[in-house]
Amino acid sequence: MSAKPRWVPLESNPEVMTKYIHKIGVPEMWRFVDVLGLDDDLLGMIPKPVAALIVLFPKGDKIKSAEEEMCAKIEKEGQQVSDGVYFMKQTIGNACGTIGVLHAVLNNQNEADFKLAGILSEFAEKTKGMDGAERGAHLEGDVGICEAHSTSAQEGQTQAPPAEESVKPHFIALVHKDGSLYELDGCKPFPVNHGQTNIDSFLKDAAGVCKKIMALDPSELNFNIMALTGGEPLF
């Protein structure tokens, strides 16, 4: 069996991530900004509209155990998942940053202000009929996204660890699709439906999901959250 490919991990940095998504074909009006806190006043500082949240947090034993229990419960009881949700599995080591970005943007590709181009448009077209595992495997051979990821991984404020090193922090995406809020994690077997939401309440509802994840291990303080926004800066 061949070894799983590995990439250099991305830094959770809004400027780096914004440059990255523009490079692969997301319209210039969209960018990432830091979410400075989850109370209403700090959420109110984020320009609207917000298309997705990208969350970075260490997956320690407590969080892993809680997530395994949650997935087992969903497998037993079932859940509603819209056919419109774009989900892909992570088959590349340390690629969770790119998987999170792809989940964030490809679940908004049909919105009026989200017309994709270039590398990302081609990837979306080639993978639209695939299941999550097939999409993950296809990413392994996508030279354009691989090269864009590699370039962006070297542009952070801290020195990037080598590809051979497994990093503990993990990226996931939270998106609004067809009236529901979904957690998209390429290391989970499926999308997780966190209940109803809409374009107006999405940010607050997604913040609530972030709080639930944080509560799984209160001793873990290293959470970083970015919002994908298409609004003008408020300050």
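Keep in mind that glycine also has a Cβ here, set from the backbone N, Cα and C atoms.
Because the structure is a prediction, the values reported are computed rather than measured.
Some features that TrEMBL has for this protein:
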type: ACT_SITE; residues: Cys96; note: active site, nucleophile
type: ACT_SITE; residues: His170; note: active site, proton donor
type: DOMAIN; residues: 6-230; note: domain 'UCH catalytic'
type: SITE; residues: Gln90; note: site 'Transition state stabilizer'
type: SITE; residues: Asp185; note: site 'Important for enzyme activity'
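Distance between Cα atoms for Asp185 (site 'Important for enzyme activity') and Cys96 (active site, nucleophile): 8 Å, as a whole number. Cβ neighbour count for Asp185 (site 'Important for enzyme activity') (all protein chains, 10 Å cutoff from its Cβ): 26. Rounded to a whole value, the Cα-Cα separation of Gln90 (site 'Transition state stabilizer') and His170 (active site, proton donor) is 11 Å. Between the CA atoms of Cys96 (active site, nucleophile) and the residue listed as 'active site, proton donor' there is a gap of 6 Å, rounded to the nearest whole number. Around His170 (active site, proton donor), the same-chain residues six or more apart in sequence whose CB sits under 8 Å from its CB are Leu56, Phe57, Pro58, Lys59, Cys96, Asp185, Cys187, listed in sequence order.
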